[in-house]
Amino acid sequence: MATPEASGSGRNGQGSDPAVTYYRLEEVAKRNTAEETWMVIHGRVYDITRFLSEHPGGEEVLLEQAGADATESFEDVGHSPDAREMLKQYYIGDVHPNDLKPKDGDKDPSKNNSCQSSWAYWIVPIVGAILIGFLYRHFWADSKSS
């Protein structure tokens, strides 16, 4: 277990909840072996060492994600409500607030490319339609004059 100083625990004033133990991502990254396996799912830290041999998908799957944020992989598999409930028994703390990734709502709007991509999405078909219209008119006019 990490010391409060190493983990950035809420007990020393660095986290927002004094009842929760906070772990830095560097601390979690060190726990990536079969002897000590931690992972992060939705900002929460789990010590799944005891669960490795019981995992239905095999321990290799878990070891690939060990010491890292496994949220995307966990959700991609589509775990059952029972599996999500079982996960609670391996909970040991939260990722330190300074290490959490910003949520989608926290992104800088000036870096949002959705407007640019929507223009590209519409401009190509419009230019194509205009070009086809000119070509059609040109050839239709030529066939009428012949």
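Numbers here mean position along the shown chain, with the first residue as 1.
Placed from the backbone N, Cα and C atoms, the Cβ positions cover glycine too.
Close to His79 (heme binding site) in the fold, though at least 6 residues off in sequence, lie Leu87, each with a CB less than 8 Å from its CB. Swiss-Prot lists His55, His79 with the feature heme binding site.
Each residue in the domain 'Cytochrome b5 heme-binding' (20-96) has a pLDDT score, and their mean in this model is 93. For 20-96, the entry in Swiss-Prot reads domain 'Cytochrome b5 heme-binding'.
According to its DSSP assignment, Lys30 (N6-acetyllysine) is coil. Its Cβ taken as reference, Lys30 (N6-acetyllysine) is surrounded by 13 other Cβ atoms within 10 Å in the chains shown. Under the heading N6-acetyllysine, Swiss-Prot lists Lys30, citing similarity to another entry as support.
Taken from Swiss-Prot, the feature phosphoserine covers Ser80, and the record attributes it to similarity to another entry. The Cβ of Ser80 (phosphoserine) lies under 8 Å from the Cβ of no residue that sits 6+ residues away along the same chain.
Residues annotated as transmembrane segment in Swiss-Prot, with sequence analysis given as evidence: 119-136.
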Can you count the other CB atoms that lie within 10 A of the CB of His55 (heme binding site)?
14
Residue distribution over DSSP helix, strand and coil in the domain 'Cytochrome b5 heme-binding' (20-96):
35 helix, 18 strand, 24 coil
